[in-house]
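Report on the structure given below.
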Amino acid sequence: MTTRREFIKRSAAVTAACTAGISLSGEASNVITDSEYTRLKWSKAPCRFCGTGCSVNVAVKDNQVVATHGDIQSEVNRGLNCVKGYFLSKIMYGKDRLTQPLLRKKNGEYHKDGDFTPVTWDEAFDVMAKQFKKTLKEKGPTAVGMFGSGQWTVWEGYAAVKLYKAGFRSNNIDPNARHCMASAVAGFMRTFGIDEPMGCYDDIEHADAFVLWGSNMAEMHPILWTRVTDRRLSHPHVKVAVLSTFQHRCFDLADLPIIFTPQADLAILNYIARYIIEKDMVNWDFVNKHVRFKVGAADIGYGLRPEHQLELAAANASNPGGAKDSSFEEYKNFLQQYDAQFVSKLSGASKEKLDQLAELYANPKTRVTSFWTMGFNQHTRGVWCNNLVYNLHLLTGKISSPGNSPFSLTGQPSACGTAREVGTFAHRLPADMVVTNPKHPEFAEKTWKIPPGVIPDKPGYHAVLQNRKLRDGELNAYWVQVNNNVQAAPNMLEETLPGYRNPNNFIVVSEAYPTVTSQAADLILPAAMWVEKEGAYGNAERRTQFWRQLVSAPGEAKSDLWQIMEFSKRFTTDEVWPEEILSKSPEFKGKSLFDVLFANNSVNKYSIEEIDPNYKNHESEHFGFYVQKGLFEEYAIFGRGHGHDLAEFDRYHEARGLRWPVVDGKETLWRFREGSDPYVKKGAGYQFYGHSDGKAIIFALPYEPPAESPDQDYPYWLVTGRVLEHWHSGSMTQRVPELYLAVPDALVYMHPDDARKLGVRRGDEIKVVSRRGEMRSRVETRGRNKPPVGLVFVPWFDASQLINKCTLDATDPISKQTDFKKCAVKLIKV
């Protein structure tokens, strides 16, 4: 009998053989795969797509990626890939790849309304620097900004933070992870005082029950879903509960399927907490030692413009994250309003199902892993949802041990490793440091060897606020990297696109392909992709993974890191730092930002001789030192000794990733637990050391309605999201023929009864209309997604069907993350 491992190895051999043009005869295990004969060079790399962090083996021939397959040595995916992963070799080779800078010109000069014209990198940076310098001189650092990405490599994000927060003295840098993970970050920080999951993927093989909250793992984290499926089908006692506002592929495995009314998850979470207390299932030993209670501020608004009526009416819009100390008795009394009658009516879920769900958490013999993604995080009360699910695990002590894990899954390949850990948010610095804590900028300034007071102490503009400031003409020089925000942002016609085309603004977009966002830019810079550069990502289980540059980028395309560092040469400290700082530190006068930030005897201290001679490294060859190693080792200073310890740089090129904190060469699987986490003191058992008292916080937080609900004029809920075959805005996956043919267009998934009521059938054209905009698509009443009556689901990958014309730019007031899951629309037959 062929074992699973043998099957995977033979499949890999088939891939290699077919790529090399070898015909197969007999068993695949006999195929010649020696690089001497196939001329294929195989190397490891993390997948370019989601936050699972699968490892793949990449085959290169004649400076082109020709094949990939799942890495059987990877602890994450164990040789498997999802359908996107299987076609990684094709994402870089679309026919319309951008290969040279393009500047809008009219009569040979830059003009906002000009046509895109090829220019040299020197001319591109000359014009770009002129616009940035003009803005800095006339309006100061708050008028320049950057929108980055959870797809940045670790060192790209780190270099961007240095350029903006230290170089330009502007905290107006934010990642697109604001749209996907900001509520998770705030949830961790409020409950535990430190970011990122305490568990790891090993929890899957230990859990007795899985509860999915707003997470379609079958399509968004399919490799993890295969592990959940294997656990469920191999162990009959294991149960799977799936909660969602519509039915999707995860329901195929669900023992307990629950479809609930949008926003009612808040009430369901409080009902479960009440059930645990009423049934006397509280783990008192754990709670008494490791937990304290707080009441969070309520009536906090919806993150809309301050003049919006909902913001004016909110009692605590100015202090949404406020909280005061409380007690268990007060918490118990608070929960009394969430009885079965109230919650069942509000949510649409029966008492029987609610009790079955609550029993999974309450039963002390059941190890529970909770998974959630955008259903929780893209929510006007997303931080509360995160806090409330932690409540359940803390009340029962089901946390930080194998199989007991509240697990926030990440959507992007380095939303954790770059956006969160590096601190590319407008309020953060590396290793959970923030600009508002005077000690943290001081630490950063010493580490970066720059004068005191350079880093501003006020948070910059978050993602949605950046769009508003662009529209209002208060943010004027703007750089976008590794995202497609005009297509991705909410309420794009009213709040996003106008700012990009504001005649007072200069917009730069670094991109690999033409996108909706690049078409709205003034300057397009061609970007290197994935293995065209040396990189590092950090996945959802705190695993940091490296890869080498395997091929060269086409034409004049350059990595985002090269662009950031090279652009920094165009500025001197005299142009960006005030005289009051330079007069106290005259040794910095006249120096370029490149010299100050990157040639600082820290970043540039590693020789290019340390680079593996078997691989190229374009940035290091250009700048004359091992850029990636220098940036990483300087960045790692922030986390070492602060609970975010990273291993030495070279070790990551040898390993299939390591889960931080890495102390004395050993990775950490379960944080906060004695014997697993080196930061937990002996005898403590558990220690939530993000808070000074070592305790986690249980929050009393109420149900509050969404910012917009269906009414007589707009009677349907609109939910947006993704599909298995496409990544985010589709700019890569729609250029892979197999993925495009599988799902060429977005569709409006709706209930057959709603279709009959509207007089439409499957395949008919329909308009989706909100108070903000409209788009045309076609009806789908069958297939993978099955909404309940009164709700439609529309994916956002399709640039020809911009569903974000319709969405509302409401955000969680604490995290500033957008709610893409709830707004009201009407449907019109075309």
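Heads up, the Cβ atoms here are built off N, Cα and C, so glycines get one too.
As recorded in Swiss-Prot, the features of this protein are as follows:
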{"type": "SIGNAL", "residues": "1-30", "note": "signal peptide"}
{"type": "DOMAIN", "residues": "40-96", "note": "domain '4Fe-4S Mo/W bis-MGD-type'"}
{"type": "BINDING", "residues": "Cys47, Cys50, Cys54, Cys82", "note": "[4Fe-4S] cluster binding site"}
{"type": "BINDING", "residues": "Lys84, Gln151, Asn176, Cys180, 213-220, 244-248, Met374, Gln378, Asn484, 510-511, Lys533, Asp560, 720-729, Asn804, Lys821", "note": "Mo-bis(molybdopterin guanine dinucleotide) binding site"}
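In the three-state DSSP reading, Gly214 (Mo-bis(molybdopterin guanine dinucleotide) binding site) counts as coil.
Only Lys84, of the binding-site residues Lys84, Glu219, Gln247, His726, have a C-alpha within 10 angstroms of the C-alpha of Cys47 ([4Fe-4S] cluster binding site).
A distance of 26 Å separates the Cα atom of Cys54 ([4Fe-4S] cluster binding site) from that of Ser510 (Mo-bis(molybdopterin guanine dinucleotide) binding site).
Here the binding-site residues are Lys84, His726, Lys821, and the one whose Cβ sees the fewest other Cβ atoms within 10 Å is Lys84.
Compared over the binding-site residues Cys50, Cys54, the count of CB atoms lying within 10 A of a residue's CB peaks at Cys54. The Cβ of Cys47 ([4Fe-4S] cluster binding site) has 28 neighbouring Cβ atoms from other residues within 10 Å, across all protein chains displayed. The record gives Cys47, Cys50, Cys54, Cys82 for [4Fe-4S] cluster. Within 8 Å of the mean position of their Cβ atoms, the other Cβ atoms in that chain belong to Phe49, Thr52, Gly53, Asn77, Asn81, Lys84, Gly85, Pro222, Ile223.
The average pLDDT the prediction assigns to the domain '4Fe-4S Mo/W bis-MGD-type' (40-96) is 97. According to DSSP, Cys82 ([4Fe-4S] cluster binding site) sits in a coil region rather than a helix or strand. Within the same chain, residues at least 6 positions away in sequence whose Cβ sits under 8 Å from that of Gln247 (Mo-bis(molybdopterin guanine dinucleotide) binding site) are Pro257, Ile259, Asn785, Lys786, Pro787, Pro788. The DSSP breakdown of the domain '4Fe-4S Mo/W bis-MGD-type' (40-96) into helical (H, G, I), extended (E, B) and coil residues amounts to 7 helix, 20 strand, 30 coil. Here Cys82 ([4Fe-4S] cluster binding site) is positioned 9 angstrom away from Glu219 (Mo-bis(molybdopterin guanine dinucleotide) binding site), judged by their C-alpha atoms. All protein chains shown were included, and the count of other CB atoms within 10 Å of the CB of Cys82 ([4Fe-4S] cluster binding site) stands at 25.
Cβ neighbours within 10 Å of Ser510 (Mo-bis(molybdopterin guanine dinucleotide) binding site), excluding its own Cβ and spanning all shown chains: 27. According to DSSP, Glu219 (Mo-bis(molybdopterin guanine dinucleotide) binding site) is assigned to a helical segment.
When the binding-site residues Gly214, Glu219, Gly721 are compared by the number of other CB atoms within 10 angstroms of each CB, Glu219 has the fewest. Gly721 (Mo-bis(molybdopterin guanine dinucleotide) binding site) carries a strand DSSP state (E or B).
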